Amino acid sequence: MAKQKLSTNKTNAQKVEKTSIFSYIKSRHSKTLFSIFLILFSFFLCIAFISFFFNWQEDQSTLNYLTDKTVQSKNLLGKIGAHLSNFFIYEGFGLAAFIIPFQVFLTGFFTIVQKKFSRIIISWNWGLLTMVWISIAFGFLNENYALLSGVVGFEINNYLQTFIGKTGLTIILIFTLISYLAFRYKLSFDAFIEKMKQKRVQREADSLEEESLDKPSEKIKEESSSESIHLKKDKKSEFEVALENLKPTIEKHSDVSPKNEGIILKIEKDPELKIEETVKVLEIDIEETEEEESSTENLSDKILKDFGEFDPTLELSNFKFPTFNLLKQYNESISIDPQELEANKDRIVETLKNYKIGIAEIKATVGPTITLYEIVPEAGIRISKIKNLEDDIALSLSALGIRIIAPIPGKGTIGIEVPNKKATIVSMHSVISSKKFQESQMELPIALGKTISNETFVVDLATMPHLLMAGATGQGKSVGLNAVLTSLLYKKHPAEVKFILVDPKKVELTLFNKIERHYLAKLPDVEEAIITDTTKVVHTLNSLCIEMDNRYDLLKDAMVRNIKEYNVKFKQRKLNPNDGHHFLPYIILVIDEFADLIMTAGKEVETPIARLAQLARAIGIHLIVATQRPSVNVITGIIKANFPARIAFRVTSKIDSRTILDSGGADQLIGRGDLLYTAGNEINRIQCAFIDTPEVEKITDFIGSQKAYADAYLLPEYVDDESGTSIDIDIEDRDKLFKDAAEIIVTAQQGSASLLQRKLKLGYNRAGRLIDQLEAAGIVGGFEGSKARQVLVQDFIALEHLLENEKKQ
Ligand SMILES: Nc1ncnc2c1ncn2[C@@H]1O[C@H](COP(=O)(O)OP(=O)(O)OP(=O)(O)O)[C@@H](O)[C@H]1O
């Protein structure tokens with residue numbers, strides 16, 4: 001028992017001894033000793049290696065006598081030093097062998113600072129690889145001096161060169177170097193680009209950088225890892241900037257605990273991520289938006305660049321505007337007899353004296369047909385008194401055409417217009433060739449005539465926007481209309497303006513037939529563009545309403561407010577013709593005898609005219625309505641309200657004058673083109689420019705003889721409600737082209753007569769009849785106003801079925 005106890009005690013003692021040795025090795029104390037040993041050993045090796053390079057040749061002979069005391073080594077660290085150096089440098093890796101003491105030193109250092117063991121292993125792996133590479137590289141670069149590469153480097157180099165040659169080895173060395181850098185220091189092409197970006201960003205953020213350099217973060221210095229140290233060398237200031245930016249953002253979230261601070265530092269430890277974030281923010285601000293902008297702009301600009309601005313006049317690019325010499329010139333120098341002037345003045349002074357109106361001053365302005373006497377009454381005379389005496393004064397002066405303006409708007413003087421004994425004709429030539437007209441930038445300029453002070457009077461039809469003309473027979477209405485049309489012919493290209501001429505008298509506007517394919521618009525399938533028939537007028541007006549609706553749709557689609565903006569956009573190629581967009585010409589509807597129409601068609605005419613007058617302004621449809629009878633049943637309230645611009649030639653009664661102008665005066669005109677014009681406020685007395693029929697003929701001949709469009713401007717098709725009721729039901733009576741028409745309609749899936757007209761080259765009436773027959777056969781739906789009819793048959797097969805079923809029945 002005692003023996004047994006003794007032996008157990010012994011084994012226990014041994015166990016304790018073993019554990020204590022093991023724990024001693026693992027203890028911090030032993031680790032420190034081991035580290036110091038490694039560090040000193042690294043110095044030992046380093047000194048031995050350096051010494052070896054100076055004495056290696058002498059020491060070669062001593063290497064075999066390690067134990068022989070008599071043999072001395074030159075190496076600073078004796079025979080051991082010489083042996084170790086020979087082993088690592090000469091027989092090993094040459095100059096690269098210095099990596100060994102370096103690695104030994106690192107191992108000692110890592111152990112003392114308690115780095116992980118895995119870290120030491122990684123460090124050795126990279127160290128050994130580097131050593132091999134360097135020794136091969138030295139062997140390759142300097143084959144004659146083998147000490148630099150060592151036997152290992154020399155031999156591997158020789159071995160590889162026999163297999164892949166010098167070039168191959170060069171490639172391998174370069175490749176391995178790049179791979180090493182890529183793996184070891186995580187260098188990449190992206191990182192390179194990133195660095196370039198950082199440099200630029202840094203330049204831009206110079207001010208920020210300076211700020212951050214003033215306040216370096218202590219925390220970063222303490223916590224930075226080896227990578228962060230490396231990056232800081234390059235981008236130190238930038239990290240600090242980012243840190244400044246990041247910190248407050250996190251701190252804003254309520255009270256941040258010390259844990260949160262740890263989070264901040266963790267984020268900062270990943271410098272790459274931070275660089276990315278910083279760069280991204282700046283990139284979005286500067287680069288991406290710029291790119292987007294330029295790409296959107298380029299789209300229409302590119303088309304514009306490639307094709308240039310759309311030119312609506314291209315089809316008739318050789319069109320020549322009528323020349324001035326087509327118009328007659330008259331002697332237009334205004335000459336008034338001074339005696340006539342004096343006599344008129346005396347009469348005015350005398351007459352006013354009779355009414356106890358004293359004159360302080362009198363001034364005369366001589367115009368082409370009348371002379372304006374401007375009077376400044378004596379102090380104390382009320383203008384209302386003169387105004388009340390208007391008729392009496394006119395009577396006393398006993399002259400036709402006297403008009404008293406009391407006061408002249410904006411002047412405070414009284415005007416008395418007295419006709420000249422000898423009127424001067426204002427020629428169309430003089431107003432058309434005037435600088436004012438020629439240089440006018442108006443959309444639709446009209447040179448109406450000359451004012452009392454002999455100035456050319458030019459107005460814009462586009463701003464009027466509709467014009468009402470009235471005057472008794474033979475007072476110059478037709479001449480006035482011709483002057484309006486001529487003005488536009490001299491200024492506007494056929495692509496820019498189209499006229500719809502309504503002439504129930506059948507004589508006045510016939511001359512314009514010659515310019516049908518240049519300037520006129522008409523209904524499809526109508527032979528004559530100039531409309532003389534009341535039913536056609538109704539159709540045309542309704543068709544114009546459809547055109548108006550279509551144009552409004554186009555404007556809405558183009559997101560513009562008026563025709564001018566629309567055409568500008570279209571010219572700049574910002575509107576796609578495939579979506580139905582096209583250049584819109586102005587359409588001017590001229591009705592020469594409105595009273596006639598109202599008497600025969602009444603509401604049928606009044607309603608579309610009122611609708612057009614109310615709405616058509618923005619889409620470039622303008623109306624000019626002339627009438628001999630300016631009575632209230634012709635110029636109704638609704639018409640009057642929508643025609644703010646009015647021209648009054650001489651009328652027979654004051655009432656008529658009031659109907660047109662809302663004031664008298666037109667009854668006191670002298671006729672022969674003497675007119676009053678108002679656009680809503682003041683009234684101007686104008687002598688209308690004179691143009692006679694031969695002149696109009698010359699102009700229309702001149703235009704008509706030039707190359708024209710294939711047809712007049714076609715207005716949308718309008719089908720009367722009543723015509724839809726007389727449908728041909730009998731199959732036998734069907735048009736020969738019925739089947740062809742049905743196939744066209746089904747293929748296009750669009751039930752419109754104009755489509756049939758185009759495809760089958762038919763007149764409007766026949767196409768209309770075909771559509772009716774198709775409706776009766778159930779191929780197209782009923783009439784839907786401005787829209788195309790619905791097609792009820794989906795395809796050819798269905799159509800065949802339908803037609804065969806019809807035959808069976
Ligand atoms: N601006 C003018 N300058 C000189 N004479 C003119 C002018 N306008 C018209 N006249 C003269 O008046 C005559 C009648 O003009 P116009 O034919 O234009 O009248 P109207 O009002 O159209 O008559 P109707 O209504 O009967 O057709 C012309 O033949 C011409 O001699």
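The backbone N, Cα and C atoms fix where each Cβ goes, glycine too.
The transmembrane segment feature in TrEMBL is assigned to 33-54 (among others).
The feature transmembrane segment is assigned by TrEMBL to 93-113 (among others).
TrEMBL lists 120-141 (among others) with the feature transmembrane segment. Only residues 6 or more beyond the boundaries of the transmembrane segment (120-141), in the same chain, are considered here, and those with a CB under 8 A from a CB of the stretch are 92-97, 99-100, 102-103, 106-107, 110-111, 148-150, 152-158, 160-161, 166, 169-170, 173, 176-177, 180, 184.
Through the fold, the transmembrane segment (161-183) approaches residues 129-130, 133, 136-137, 140 of its own chain, all at least 6 residues removed from its boundaries and within a Cβ separation under 8 Å. What TrEMBL lists as transmembrane segment is 161-183 (among others).
As annotated by TrEMBL, region 'Disordered' applies to 207-226.
According to TrEMBL, the feature compositional bias 'Basic and acidic residues' maps to 213-226.
As annotated by TrEMBL, coiled coil applies to 272-299.
What TrEMBL lists as domain 'FtsK' is 454-658.
Secondary structure at S478 (ATP binding site), taken from DSSP and collapsed to helix, strand or coil, is helix. Here TrEMBL flags G471, A472, T473, G474, Q475, G476, K477, S478 as ATP binding site.
The list of residues near the transmembrane segment (33-54) in space but at least 6 beyond its ends in sequence, with Cβ under 8 angstroms from a Cβ of it, reads 74-77, 80-82, 84-86, 88-90, 97-98, 100-102, 104-105, 107-109, 111-112, 147. The ATP site is set by G471, A472, T473, G474, Q475, G476, K477, S478; from the centre of their CB atoms, other residues of the chain with a CB within 8 Å are Q628, F649, R650, G671. Around the Cβ of G476 (ATP binding site), the number of neighbouring Cβ atoms within 10 Å comes to 25. Predicted-model confidence for the domain 'FtsK' (454-658) is 90, expressed as mean pLDDT. Taking Cβ-Cβ distances under 8 Å and a sequence separation of 6 or more, the neighbours of Q475 (ATP binding site) in its chain are F649, R650, V651, L669, G671, R672, G673, D674. Taking each Cβ in turn and tallying the other Cβ atoms within 10 Å, the top scorer among the binding-site residues T473, S478 is S478. A472 (ATP binding site) is surrounded by 20 other CB atoms, counting those within 10 A of its CB over all protein chains shown.
Annotation for the binding-site residues G471, G474, K477: lowest Cβ count within 10 Å of the residue's own Cβ, G474.
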